[in-house]
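Annotated features in TrEMBL:
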TRANSMEM  20-40  transmembrane segment
TRANSMEM  46-68  transmembrane segment
TRANSMEM  89-107  transmembrane segment
TRANSMEM  113-132  transmembrane segment
TRANSMEM  153-171  transmembrane segment
TRANSMEM  183-199  transmembrane segment
Amino acid sequence: MGFDRTYKKIMTKLQIAKLISIIGHPLLVGSLYVIFISFYDLEKNTAVIISIAILSVVTFPILIHNYIKTKRGTYSNFDVSDQKQRRGFYPFSILLFTICLILFVILHFPKVVLVTTASFLGMLISMALVNFKIKASLHLAIALFIVPKFFEISMILGLGFLLFGICIGWSRLTLGRHSMQEISLGSIIGFLFGLLSLYY
């Protein structure tokens, strides 16, 4: 009886962690953030173009890429949790964001868009370089990249998303996808580049 209760508690804990990890997935969080902040900060037409560009140039290509690689067994899972496998993932994602940045420059988008995109690209490059030594958490990097901007908008929004980031960190630890060191490093990198993105 006691074993059954313990087992159920562990399973419930893992299920909650998995749900939080899915909700906090970089593709989902990053895409929703871009759409939200574009319509919050920019003219409607510009926001629509940016949203379409991010979804078509970054989100869907990565979604398809990771799905195919996972199905073929090249990636052990959709999150690309293996450190060596990420060495193939980062160049692909960096290429996509480079294309996005070039597109935004050509379209003469506002400076805030260019600085934010360049900062995010810089974060990805840093994560790729760090990955040769340690598998820093991309979940936390993207979540904490967003936090400074949300604090600029509203203290409550910033604190709320910071709390969500902590929950994501807990979920990644609980699922065994990252160590505390990897989560901390991802958080620091994301937060620093998030702060950098505000200077435009």
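Using N, Cα and C of the backbone, Cβ positions are placed for all residues, glycine too.
TrEMBL entries are annotated by machine, without manual review.
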Contact call for the transmembrane segment (113-132) against the transmembrane segment (20-40), three or more Cβ pairs under 8 Å: no
Best-contacting stretch, by C-beta pairs under 8 Å, relative to the transmembrane segment (20-40) and drawn from 46-68, 89-107, 153-171, 183-199: 46-68
Long-range environment of the transmembrane segment (153-171) - Cβ separation under 8 angstroms, sequence gap at least 6: 16-21, 24, 40, 137, 139-140, 143-144, 146-147, 183, 187
